[in-house]
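Reviewing the structure listed below.
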Amino acid sequence: MPLSRRAALALPVALFALSALTLILLRPATPVDETRYLAVAWEMVTRGEHLVPHLNGAVYGHKPPLLFWLMDAVWAVTGVSGFAARLVGPAAAVLSVALTGVMARQLWPGEPVRAPRAMLILATLPLFLTFGSATMFDALLTATVLTALIGVLRGDWWLVGLGLGLGALAKGPVVLIHVLPVLLAQPWWRGTGWRATAGMAARALALGAGIVALWLVPALLTGGEAYGVEVLWRQSAGRVVSAFDHGRPVWFYLALLPLMVWPFGWLPGRPQPGRAAGRMLGLWMAAALAAFSLISGKQLHYLLPELPALALLAATMPARALSPWRRALLALPLIGVVALPVAAAAGRLGALPPLPPAALALAGVSVMAGVLGLWRLPPATGVPALALGAVLGLHFAAAPVLFARYDTGPIAARLAGREGDGLALMAADYAGEFNFAARLTAPVTLLPDAAAAEAWGAAHPEGTLIVPGAKPPGAGWELRETLPLRSRDYRLYRRAG
């Protein structure tokens with residue numbers, strides 16, 4: 001029985017929401033990114049300072065504040081909760097799935113079937129589902145980019161400006177890379193006059209700048225010169241010319257492109273979006289891919305705002321049956337999904353714990369359900385079933401390892417309530433991994449070496465010293481506990497005697 005139009009549009013949204021909720025439950029808040037952003041939002045609450053973000057007592061200018069504001073707004077309703085805060089990023093991804101449907105109806109008003117199809121593709125696309133369910137900025141940025149581009153399609157400069165302004169508050173000036181090519185090239189892809197295009201762009205940019213200025217001007221006055229340099233240069237323009245983090249070669253994205261677009265980009269046939277829509281969607285993807293390939297700092301999730309364009313293009317491909325060999329090709333990457341859990345179950349992954357039988361069974365059921373869907377269902381639903389089965393299977397398999405090696409909770413439980421006695425970390429840097437999980441209200445002191453640890457210990461005789469790795473803190477310290485986190489063991493020390 002065919003679904004009603006409303007049900008067909010609601011199903012991908014509900015499917016993504018349920019899948020993202022499942023992934024949240026299968027992963028801890030992972031260091032260093034998710035734990036850092038939770039810590040910044042937590043420090044906004046404890047300091048009562050919402051203009052200038054802070055991390056471990058220092059001004060944090062790496063990212064604008066919109067994500068942190070939204071987490072704090074959720075806490076104002078629910079109370080402080082890690083689970084509630086971790087719903088903010090996925091909620092933005094849910095909105096992105098819905099906005100993709102809005103864009104499809106704007107692009108192809110005479111093809112109503114394309115909207116739910118594009119939404120279902122995006123909702124099950126492995127890269128989008130994985131990062132869209134995380135506590136990161138990219139799903140929020142994706143929603144703002146879609147808002148701006150829907151404004152371009154409608155000719156509403158104020159909607160473009162709203163998307164640009166909120167996008168800049170979400171992740172900074174990088175929103176321009178995702179929006180400006182489509183905005184400025186309207187004469188090429190849909191025949192808009194240059195004067196009208198320039199007028200729309202000028203008004204939209206002015207509105208976007210005005211929205212950002214409402215926060216940025218008072219933030220700069222409050223945060224001072226160091227904050228201005230950090231937020232205006234180091235984490236935006238500076239990243240273009242020299243990677244402060246995540247430096248990778250120019251071919252990084254091209255090398256991973258086949259996996260990034262799997263499985264929908266592996267389907268046979270050519271999309272049929274029409275001339276104007278095809279140019280618009282192609283430019284949207286190609287311009288961002290080229291720009292981010294040339295920028296030194298690269299991460300897979302930087303291209304998350306382009307995945308709706310991929311979903312929209314894939315939704316225009318003519319429906320056709322898949323041959324057995326094509327189905328086998330689509331299922332080929334699942335060899336890795338299956339091999340990793342089997343190796344883990346056999347204890348063949350070095351220091352990682354063997355995979356429990358229950359996790360292996362759930363992973364196997366998920367993968368087999370996806371493969372069965374690919375073979376038994378029409379491609380329009382069978383390929384999404386394959387993609388969803390792969391993501392769930394991988395997460396079921398990885399969950400025991402993630403909670404064993406990437407959960408900051410066990411260490412944080414030992415630190416909670418002890419900041420009054422003093423907490424210090426013997427390391428060169430610290431990303432706030434324990435601040436939120438331990439609900440710390442005072443910064444963790446960074447100590448560069450054993451000599452600094454000795455001096456700090458003398459001043460804090462009841463304090464706790466955290467030492468990542470096997471480097472000894474010097475004489476006079478008593479090892480209390482050793483706990484794993486990521487690829488290292490963290491040792492907790494107290495003063496001897």
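Even glycines carry a Cβ here, placed using N, Cα and C.
What TrEMBL says about this protein:
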- 62-193: domain 'Glycosyltransferase RgtA/B/C/D-like' (DOMAIN)
- 73-99: transmembrane segment (TRANSMEM)
- 120-151: transmembrane segment (TRANSMEM)
- 157-184: transmembrane segment (TRANSMEM)
- 196-217: transmembrane segment (TRANSMEM)
- 250-269: transmembrane segment (TRANSMEM)
- 281-304: transmembrane segment (TRANSMEM)
- 324-346: transmembrane segment (TRANSMEM)
- 358-377: transmembrane segment (TRANSMEM)
- 383-404: transmembrane segment (TRANSMEM)
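By the Cβ criterion (distance under 8 Å, sequence gap of 6 or more), the transmembrane segment (383-404) is not counted as touching the transmembrane segment (281-304), fewer than 3 such pairs being found. 73-99 is the stretch from 73-99, 196-217, 281-304 with the greatest number of Cβ pairs below 8 Å to the transmembrane segment (120-151).
In terms of DSSP secondary structure, the domain 'Glycosyltransferase RgtA/B/C/D-like' (62-193) contains 101 helix, 0 strand, 31 coil.
Confidence over the domain 'Glycosyltransferase RgtA/B/C/D-like' (62-193), given as mean pLDDT on the 0 to 100 scale, stands at 97.
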